Structure formats: C-alpha cells, structure tokens
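Student: The structure's right below; bear with me while I get my questions together.
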Amino acid sequence: MTAILELVEIERHFLGGNKPLIILDKANFILNRGELVALVAPSGAGKSTLLHIAGLLEKPTAGDVMLRGVSCAKRSDNERTAIRQNDIGFVYQFHHLLPEFTALENVMIPQMIAGFKKSIAEERALKLLTYLRVSHRANHRPSELSGGEQQRVAIARAVANGPSVLLADEPTGNLDPVTSAYVFQALSALVRQAGLSALIATHNYALAKQMHRRITLKEQKIVELP
C-alpha cells in the first residue's frame, strides 16, 4: 500500500506548572492511499492536537509529518499554508462556513483562492453539492440551512480543491443520530468516490466500525484498535 500521510515520532508538549504537559509522545501513524481511518478517543485525549499536527496547522515539539513521502518538518509557514490549500481538506464539528456567502460561494471561494477561474470553480462546486444532495440549497446562506445541510456544504468545501488527505474532527458530533448517519454516509461515499485518504475523529463507535481501521490515543501514543 502507498503511504499518503505519515506521522513520525511525533511529540507535543505544552508548558504548564513545574513540568511540561505531554499530549503526544513519540506517536507514529501511517495513512495509506484510499483508506478511511477512525480516530476514537475520549475528550481531552489529544485528538484535535493530533489532527492539527497532521494537517500542518500546528507544529509538533519534535518529530515529522510526511505528506506523500516528503518531509514537512523544515517547511516555512508559507510553504505549509500552500500544502494545506492544495493537499489537505478539513471538516470540523461546527461547520465554520462564511455566513455572508451562499452555500455555492462557500465552496467556490477556496478554489478561487487556489487559482481556479470563477466559472470553473462554480462548475466544480455545483457538482460537489449535487453529489452531496444539497444543490437545491446552493443559493442559500448557512443560517438558512439545517445542521445536516451545513455539514454537507462544509464537506464539499473541504474537498473542493482536490486534496489527497481529508481530516475531520467530530464532523457529525453536533447532529442528531439520523442526520449524523446520513452525513457520515455522504462523507464516506465521497471519500471513496474521489479516492481520498481520510482520518476522522469520532466518539461514535458504530460509525467507526464502518471504516477500514480504527486507532486511539493511549499513554500519549497512537494505538490500533480491533
């Protein structure tokens, strides 16, 4: 299998009191091409920190993040930003859509920032919204959408630039069980259809069991679950 994302001996320490607070300690992980992996761990275990490091939003205290075999350890902030824009998509528990723009515009904007022409960005955005069955709400602002619709638009935005990796932090955690299952099915179907590799943090073990692998955080290490 081809490794897309590798976390190598990752350490993350925070200063606190007389000794540092250790969140991650020589943590290792490989996400292979086309894999859908669940990150299952209790609140406060370090899931968000792990995702932020994997997504180059946060620098580890030590260790390296490898994306498609290339080290990111010594990349400048501008280089890390460019990698995020082109290769990494994010979905959060709360959608973070721009409230003043429509659903369609929210999916177009990151593409235009990346250099796509407006007409191409619009065409790509509509295709994604159609695939996620929310194109009929394309001209509505986020406040006019249901929670499930908001998350589907957020998913479309996350994959709009054609990333190789999708990272999701509790993407269904704020939804009711029925909507949660529907949004997860839409997300997993899109990941598989687009050939993405995804690491998804969730408290929902029933959803986690539907993924290829499951990992957790134990004693500041990444551990495989059955």
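If you go along the chain as it appears here, the first residue is 1 and each next one adds 1.
Cβ coordinates come from backbone N, Cα and C, glycine included.
According to Swiss-Prot, the protein carries these features:
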- 5-225: domain 'ABC transporter' (DOMAIN)
- ALA41, PRO42, SER43, GLY44, ALA45, GLY46, LYS47, SER48: ATP binding site (BINDING)
Student: If you average pLDDT over the domain 'ABC transporter' (5-225), what do you get?
Tutor: 91
Student: Inside 8 A of the center formed by the CB atoms of ALA41, PRO42, SER43, GLY44, ALA45, GLY46, LYS47, SER48, which other residues of the chain have their CB, for the recorded ATP site?
Tutor: LEU217
